[in-house]
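Here's the structure, in structure tokens; my notes come after.
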Amino acid sequence: MGQPMYLSLLAITVCLITLLATCPTLAVGWPIDSSFYDEIKRVVYGGGENIDDSVAATESSPPPPLSLPSSSQNINRPVEVEGWPRSPIPRLGQVSGVAINTVGQPVIFHRGSRVWDENSFNETFHYQHIEEGPILTNAIVTLSPKTGEVLSSWGAGFFYMPHGITIDHQGNVWVTDVAMHQVFKFSPGAPRASLTFGKRFENGKGYRTLCQPTSVAIASTGDIFIADGYCNSRVLKFTSRGELLRVFPHANEFLSLQVPHSLALLEKHDLICIADREDMRVVCRGAELSTENKEQAPLTIQQPDLGRVYAITNHGDLIYAVNGPTSPLIPVRGFTINPMTENIVDHWTLSKNTAINVPHDIAISKDGSSLYVASISPNRIVKYTMTPVTPLKSD
Ligand SMILES: *[C@@H]1O[C@H](CO)[C@@H](O)[C@H](O)[C@H]1NC(C)=O
């Protein structure tokens, strides 16, 4: 057999192996149109000489999103700002939460030297290291959106195992601590919490106790939503003064949650969206903020490549999500979701040069121009700017 023949057979073999390695990830859940299959046909039947590095490169890094022609409008894709923060954040631990304050600065909630591991809690979800005392570093840190330098910090000597952080329209800071089983509201400048939910280090199923609460969302009406959490798997809704209004799911509702880990409110549609982490989906149900009671079935975004959804946030009608470790076939990355059509409309890379193994929270600026992802492995905060792209065709 002549050498050119041998080479082209080799090229075709490499091509097939590459496709096989890539296909399991491609086949699950990407809205793919016929041009993609035409591309496969071209590559498989049209000869190996057309293979280029861009196909082979998808083996090692998560496959890049397919941007297909579509008649719909451009959407924005988060693109990592490299070299941000410019210098390391001192004493930074696992960054469990990120929110954006009323002047557009990212505020992170981190664990200092404390780490959540398999010895942190026992089978009944009780924190096992109370005697070590609270975290002595300032757990809440405000950063410059431009440079990432620390502008201010507070919260030393109070928290045991930070989790979620939310900043409402008035600048109140809402945080959850999974060790204390509590949620706190801190008004701007106030020396201590102005509202507390749950009993310190006591967990339970009643309505005065929480169990490892994960996240909070605040409506413009002042209503409070608490995702409660790792063990109760419910969402509680309170008035701004802390009176219980609702428990989701309702007693007779055909909806179950497994670790609601993050919340996003789409007030325009009266929806509360929940990162239903262990069910590997995002569920949006009525937030029941408006008085006109239009009962509607929950919207569900669940596709095989989504995996465990760790965090969600929204800007307008779009939800930005990150998944966490699920299976070797499911890359950890970012997703853009249109909840109204229940579709994933885009995928994006968390970091080009550092593996973000466990992204844990996500926040977007009010104007939608900047997005941040908090990571607990490695301990990092990553900034993204939004860049217009043509979305995937979704049908
Ligand atoms: C878990 O720890 C708490 C407090 O440390 C204790 O009261 C409880 O009995 C423990 N539960 C189990 C199952 O060991």
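The backbone N, Cα and C atoms fix where each Cβ goes, glycine too.
TrEMBL does not curate its annotations; it predicts them automatically.
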- Item | Disulphide pairing with CYS211 per TrEMBL - partner from CYS231, CYS273 | CYS231
- Note on the structure: Among 54-74, 117-137, TrEMBL lists region 'Disordered' at 54-74
- Spatial neighbours, same chain, of VAL98 (Ca(2+) binding site) - Cβ under 8 Å, 6+ residues apart: PRO106, VAL107, ILE108, PHE109, ILE165, ASP361, ILE362, ALA363, TYR372, VAL373, ALA374, ILE381
- Note on the structure: Fewest C-beta neighbours within 10 angstroms among the disulfide-bonded residues CYS211, CYS273, CYS284 belongs to CYS211
- Task: Under 8 Å Cβ to Cβ from CYS231 (disulfide bond), same chain, six or more residues apart: give me those in sequence order, or none if nothing qualifies.
- Result: PHE125, ASN203, CYS211, GLN212
- Message: Given a Cβ distance threshold of under 8 angstroms, which distant residues of the chain, six or more beyond its ends, lie next to the repeat 'NHL' (148-189)?
- Response: 84-87, 89-90, 96-102, 105, 107-111, 114, 116, 120-121, 125, 127, 129-130, 133-142, 195-203, 209-218, 220, 224, 226-227, 229-230, 262, 361, 381, 383
- Within 10 A of the CB of HIS261 (Zn(2+) binding site), the number of other CB atoms across every chain shown is 26
- Message: Are there residues at least six beyond either end of the repeat 'NHL' (204-241) with Cβ under 8 Å to its Cβ atoms? List them, or say none.
- Response: 121, 125, 163-164, 166, 168-169, 172, 174-176, 178, 181-183, 195, 197-198, 247-249, 256-265, 267, 272, 274, 287-289
- Same-chain residues at least 6 apart in sequence whose Cβ lies under 8 Å from HIS360 (Zn(2+) binding site): GLN94, VAL95, SER96, GLY97, TYR310, ALA311, VAL322, GLY324, ALA374, SER375, ILE376
